[in-house]
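Colleague: TrEMBL lists these features:
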BINDING   Lys87, Asp111  Mn(2+) binding site
TRANSMEM  325-347  transmembrane segment
TRANSMEM  359-376  transmembrane segment
TRANSMEM  454-477  transmembrane segment
TRANSMEM  484-503  transmembrane segment
TRANSMEM  523-541  transmembrane segment
Amino acid sequence: MSTCFDLSRCDPSRFKCLKSIFTARNVCDRVNSSTNEWIVSTWKMERFVGKTVLLNSKQDVDSTGSAMPNLIYVSREKSKSVPHHFKAGALNAMLRVSASMTNSPIVLTLDCDMYSNDPLTAQRVLCYLPNRSNKPNCGYVQFPQRYHRLNNADIYACENKRLFQVNAIGMDGLNGPNYVGTGCFFHRRVFFGAPSSYIEPEIPELGPDHIMDKPINAREVLSLTHHVAGCNYENRTNWGSKMGFRYGSLVEDYYTGYRLQCEGWRSIFCDPSRPAFLGDVPISLNDALNQNKRWSVGLLEVAFSKYSPTTFGVRAMGVLMAQSYAHYALSSVLSFPIIVYACLPSLALLQGIPIFPKVYEPSFFLYAFLFLGAYGQDCVDFISTQGTFQKWWSDQRMWLMRAPSSFVFGTIEYVMKCLGMPTHGFNVTSKVLDDELSKRYDQGIFEFGVPSPMFVPLSTIAILNLIAFLGGLVLILKERSFGSFFIQMFIAGFGVMNSLPFYEGMAVRRDKGRMPTKTTLTSTLLVGLLYGIVSFVLNISI
């Protein structure tokens, strides 16, 4: 969902009154009462243009008699024969519709599950974006994503503190943070070319400097909005390539912010103590992993495109900013070393083969320094941004869990897309609330429930590390070789600690959210198969 306000005409007291307007019942009543203004057809997956004026600044007032900002419901046209470009296409359609009706100089994008939490947000934005003559290259102000119903441990690491806060603070010291898809205020001008090279839209009324002198319900205005929201409107235009939100990746927010900064626009990170906006989070492991899988596919689409941060980005914005974006684009590559460390030391331990330095060897301290240094710095960064140790532990655990699941499946889906093979495409993250599921989430209990393919590698690694740890204890007690296998035992034990929710879901729980028996059996068979393959290879080599 995208909402466009003329912020120069709104003070904080009026934003407080929007809360009642945005309730589901109010919006539905207003839409249903205006059915003569729009039409929707789902026949053959097609949809016609529709719009409804829910609030009109010339007519609607708040309790103090002050004018309310315009609020317009938009339903763009869709057709099976024309690509609709998912969220980026919807944002561009609303960008054009808002230009043809009000042409507000500042545009706010919000996800449909988020709401305003601070009436002073608009004033803060106006401190940064009042006049482009002061900061001509400042294109947008990004607020971090915050959530209103996280459990105490944030077991699925949905807060994404590195993405939304830690890294954003660092990027703010360069050219500014990346656009994260919601909670962002744009200058309308940024969607029409670089700061020094304005791109004229195909219709003058869509230009950022065009002054609207007609009421939003005028016949000419309504006719224009129907035209610009049509599914064929973008044919042979610059929309999605040089204007508006950019097409070419499932993560249109990351890609759009990246392209804007490559053009020379800068951004500002605003993180007040009171969250500007609050939203919902996925409360099941499958939904959380699917969300990250979709991000992985989109990020790989950017990483291996002609606009890759490692090549185009370095030339356009410099090494440091390009590295900041490349860190995200190539995040799926981390799956391979993590999987190796999750499996190889444990398999070697089961075979009684030491593969790391002994405790008393000098090179042992290098491994200890790298582990403690990396985890220590990450913990300090996390806690320094109002995090807790409990949430940090969940965050690092989910980072490890994404590697053999979301990252691997995302990479596979990306390769399939490149080969022209059918894929699932864009999957919207489910945030539907279920009473039992919500209760388990609030208690910090992992939700498995469904036989997801992404649970198989995670369960396999969990079982493998548990068997290796127990087998390693027997080996150490039998041969008294603790120094030779210390690092392997530590890695297996670390894996066991991070896999405790899986053991509980596989062997202890009996509720609907437990691990499906099919997944547990499949993972157990895979562990046996891996052990058999390693034993066979070692026997042949000997």
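Cβ atoms here come from the backbone N, Cα and C positions, even for glycine.
Whatever TrEMBL says is automated annotation, not expert-curated.
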Colleague: Should Lys87 (Mn(2+) binding site) be counted as helix, strand, or coil on the basis of DSSP?
Modeller: helix
Colleague: Go through the chain and flag residues at least 6 beyond the ends of the transmembrane segment (359-376) whose CB is under 8 A from any CB in it; none is fine as an answer.
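Modeller: Contacts of the transmembrane segment (359-376) (Cβ under 8 Å, skipping residues fewer than 6 from its ends): 396, 482-483, 486-487.
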Colleague: If you count Cβ atoms within 10 Å of the Cβ of Lys87 (Mn(2+) binding site), leaving out that atom itself, what do you get?
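Modeller: Around the Cβ of Lys87 (Mn(2+) binding site), 20 other Cβ atoms lie within 10 Å.
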Colleague: Can you count the other CB atoms that lie within 10 A of the CB of Asp111 (Mn(2+) binding site)?
Modeller: 20
Colleague: State the three-class DSSP label for Asp111 (Mn(2+) binding site), counting H, G and I as helix, E and B as strand, and everything else as coil.
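Modeller: Asp111 (Mn(2+) binding site) sits in coil per DSSP, no helix or strand.
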